[in-house]
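According to TrEMBL, the protein has these features:
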type	residues	note
DISULFID	177-186	disulfide bond
DISULFID	217-226	disulfide bond
DISULFID	260-269	disulfide bond
DISULFID	303-312	disulfide bond
DISULFID	393-402	disulfide bond
DOMAIN	152-187	domain 'EGF-like'
DOMAIN	192-227	domain 'EGF-like'
DOMAIN	240-270	domain 'EGF-like'
DOMAIN	278-313	domain 'EGF-like'
DOMAIN	368-403	domain 'EGF-like'
SIGNAL	1-21	signal peptide
């Protein structure tokens, strides 16, 4: 039994070496995870029982007793161990030729181009799926059925417009008139003795040579009278131009424009889909997770080490563990991480707005967002939220970027506090402090007589105001009375003439 297990183990090692020797370079290379099972030698502890005779106070047994003990011995056995590895192979529609994945020929398709096309000579098969793309005039799963009477074109989807019993060409829909009729649709009856004869027989808008009568066919047509469509790969006048479509692209026989196969774009299908997109027209978005990259034709995900699944959505280790043996514990702050830690390195994958080895630190100012890679654009001392980037404005400012100062009459956070300044004073938008208006100037320069003044005593700090319509010196106007005054009016007299300034 041990010899058989050893032989099995050696065979598995040899097979693994053969598989891993495959190295494919360039594009159109796919990856898959393969699990190898290897038999390894391992010691186990196997129990056994040992019994001995001893003296004891047992008359029935002649003072002899049997005592048994459980002992353990080491035994060498084979145990299977699973190991994951990455296997490289050419994607569907390509084959390995000298270490490069090249496009399948016109007659093969599938993985490593192992299948033969079967379109009955009336079409070409798609290199990935093998689906037949029929020539005009043919239909059916294998392009085995000609268009039925009254239909023509690609997949026989167009209806013939010929009249008066004329037959239409199943490929291009051109009408073959019955005797006695003429015209593109055989709609005109011939005049007597006309026999519908013309000097030029060119069809599909072909031009005939004035001397020889040879037809010069327009784009997309060829043949003696321009009734044959250009063969695949040709376009232009009389189908004389070779199409310049790369990577399996097909060109329109009329315009020469390329129709690209999945995974390619560009005027000549010369450009592979950019990373992150794939498929026909490079319009499909890759759905690979955890840093996986997708193949540009089919979108198949190539997973980074430690992940598996169609979209790299499954960790190689159980949740909460990482390492080659999955024997180390993740230390991520769960509510601030996108997912569990990296199954190989243990690094935490932080949610937007957080960083640090365990995702326990907010993004430092002035950054925010995923991986703290976005820069804040708040103005006037505003701070942005480390997750959303929304600005938190300093007192005295509002707006999406804190670009607007508070309107007159308000101040503080969010400009929600009403100002309390009086007598025309303007408050500061940041803290509400009053900036008093300057004292008014006297009307003229000269001497004024003694005047009576009145103190408005409604507050403890009142402004001295003149009684009557008389000028007063600037030295008196605007001065504050700092002592307490009872309600009412207090007359003050200036005993001498003062200059007006």
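Placement of Cβ uses the backbone N, Cα and C atoms for every residue, glycine included.
Unlike curated records, TrEMBL annotations are generated automatically.
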In whole Å, note down how far the CA of residue 303 (disulfide bond) lies from the CA of residue 186 (disulfide bond).
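Roughly 63 Å, rounded to the nearest whole number.
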Take the Cβ of residue 303 (disulfide bond) and count every other Cβ within 10 Å, whichever protein chain it belongs to.
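So the Cβ neighbour count for residue 303 (disulfide bond) comes to 24.
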What's the CA to CA span in angstrom from residue 303 (disulfide bond) over to residue 260 (disulfide bond)?
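The separation of the Cα atoms works out to 27 Å.
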At a C-beta cut-off of under 8 Å, are there same-chain residues at least 6 beyond the domain 'EGF-like' (152-187) that contact it? List them, or none.
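Tertiary neighbours of the domain 'EGF-like' (152-187) are 134-139, 146, 196, 198, 203-204, 221, 227, 229.
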Please report how many Å separate the Cα atom of residue 269 (disulfide bond) from that of residue 177 (disulfide bond), as a whole number.
42
Measure from the Cα of residue 226 (disulfide bond) to the Cα of every one of the disulfide-bonded residues 177, 260, 312, 393, 402, then give the nearest.
177
Take the Cβ of residue 402 (disulfide bond) and count every other Cβ within 10 Å, whichever protein chain it belongs to.
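Its Cβ shell of radius 10 Å holds 21 other Cβ atoms.
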Can you give me the Cα-Cα distance between residue 393 (disulfide bond) and residue 312 (disulfide bond) in Å, rounded to a whole number?
42
Return the member of 177, 217, 260, 402 nearest to residue 312 (disulfide bond) in space, with distance defined Cα to Cα and candidates limited to these disulfide-bonded residues.
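That would be 260, the closest of 177, 217, 260, 402 to residue 312 (disulfide bond).
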